[in-house]
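Note sheet for the following structure.
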């Protein structure tokens, strides 16, 4: 240290720590000249002593003015050393960099000034300190003092110039630091970082594109900055990189795809749009390179299809179609299970458009990779069944298409129908809201007869009788009204004359027994009028309830629709279709006279002619005479004289109507038994609570009941008996009511 003092005059030593800048500046000039002389003399030991003295006594001094003097002194030494300064930089630069974090803003300012002067002298030689300098400048760019910020900006521009012209800059060592700093939220720091990324990307010898995955997320994060200028700078940098990607033969799409997928779900609209735009380009450019990321990309695209911003929706739809059009195989790494998992999750989306596209993906996979999809069927089947309750008809129709595609295999067909019935049983509202739509669509996509046969088989063994009745009534109404089931109705119309119709009639009859009105409707459709009449005669008092009358009302109105045109035309030949007349009159007798259905049917029956257009004079006279007698006698006279029915029955021996009637009565007895059990349970529950109340009341009123009571009326028993409604459970014969 004494060597340094012997070289530096006391006045220079004293003025370096003066509070006045001019004195410190003059002292620095004197020091510069001294160092130049020592350099010329080659006295490197004394130069080292001078640098050591400036660091210990000035740069590290607790006195701010001393630190200021030390900084300007180190810069002067560097200028004095000139071309030989490089060998001393490892001693000169660190104290200056440390001063960037000084508590005194003026010291930080002079540190910037000192390093600026040092950098101008050594230029590329100080690249070895670049990371430390960059880190310091990053902090100074957000300094609280405006003067320090200005000085840092000047130094930053100089460092950028030096880096762009240097061949010693190591991008590999710099990227980890850049990546770490990209998470800073300060707007000044963000501007500083984007500026450096842009500058480095402009240098031909620096491959910033190769390291883009390391700082891409940080750039996307800046797109949602509150500062318009920062958003614009980040967008400009991203646009430039995207253009480079389009022109580059080799790009690491995978790592960047992971970042883009996350950013596509950003709450910021501009960020989502930019991310989905990048994904769109990646799908077009990356192709097979992105196979392993298809599921993640699809998971980002599907929600964007329902985005509130139209631009995002347009790009997302385009990307979705582009992705779906790519032909890849599982052997190429295409994960069918992962895609199905994404589609399944998106079926729970609140947005209809997203749910529809998810179903389109499942349908596409089913068509292209059926075997693989069926392997994952258990994972998606429950979700697909729940989707049948979707609020959107379009979604339900697509779900049914997927189900139909799966049900091409017999085992899956059976599973579908079983699960469908299970869902209808568990959710009555689903049957009410979607039952007709689901069944009708399945009949179009699959064979209608096959669907109805399977449903009938399942419902035949249904333990929940109330549900079975409701389900059969719904299926019967669909059968009678849906245009899609016209071929099925035509087949049933020939039940008495061809084998196919007979087999279908028998198959449906087993489950249709759960609903008397469904059986009657089925018989009318199959033109089994005699059996329909017998079924009506077999009904007992308990069967004719409100639900029955509601169903009967629907049937009467359906008889006036085009579907039953053939039946109404048959009424023109009463002599030929006597059992049809008997059936219709039987239905009329079951209806309340004041109901609209009664008036409709009575009006229709009034139009039945009293003669046959196809008969001769003798037949017209016979029908004319018969029409004037009471209805029971009219029916009795024609019951055994229906020649056409005899012909039909003689040509059709396959249906055992006696066994069918027994089957119907057995099922109805089960329904009556269950209904009686419910009534008894309700009665016992209410009686138990009522008896307790009565006993309590009697105990309270017992003192007042000592008075003489009048004798009970002898007619009370007979009145009670007479007030009971007559029972129809006992009959003398077919068509005769028990009075």
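Each residue, glycine too, has its Cβ placed from N, Cα and C.
TrEMBL annotations: computationally assigned, not manually curated.
Marked as compositional bias 'Basic and acidic residues' by TrEMBL: 636-647.
Annotation source TrEMBL lists compositional bias 'Low complexity' at 678-691 (among others).
Per TrEMBL, the feature compositional bias 'Low complexity' maps to 701-728 (among others).
Sequence annotations record features per position, and here TrEMBL assigns domain 'Vacuolar protein 14 C-terminal Fig4-binding' to 429-608.
The region 'Disordered' annotation in TrEMBL covers 613-651 (among others).
For 677-739 (among others), the entry in TrEMBL reads region 'Disordered'.
Per TrEMBL, repeat 'HEAT' is recorded for 92-127. Sequence-remote contacts of a segment are chain residues at least 6 beyond its ends whose Cβ falls under 8 Å from one of its Cβ atoms, and for the repeat 'HEAT' (92-127) they are 51, 55, 59-60, 64, 67-68, 70-72, 74-75, 77-79, 81-82, 85-86, 133, 136, 139-140, 143-145, 147-148, 151-152, 154-155, 158-159, 162-163, 165-169.
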For the repeat 'HEAT' (92-127), the DSSP helix/strand/coil residue counts are 33 helix, 0 strand, 3 coil
Here the mean pLDDT of the domain 'Vacuolar protein 14 C-terminal Fig4-binding' (429-608) is 93
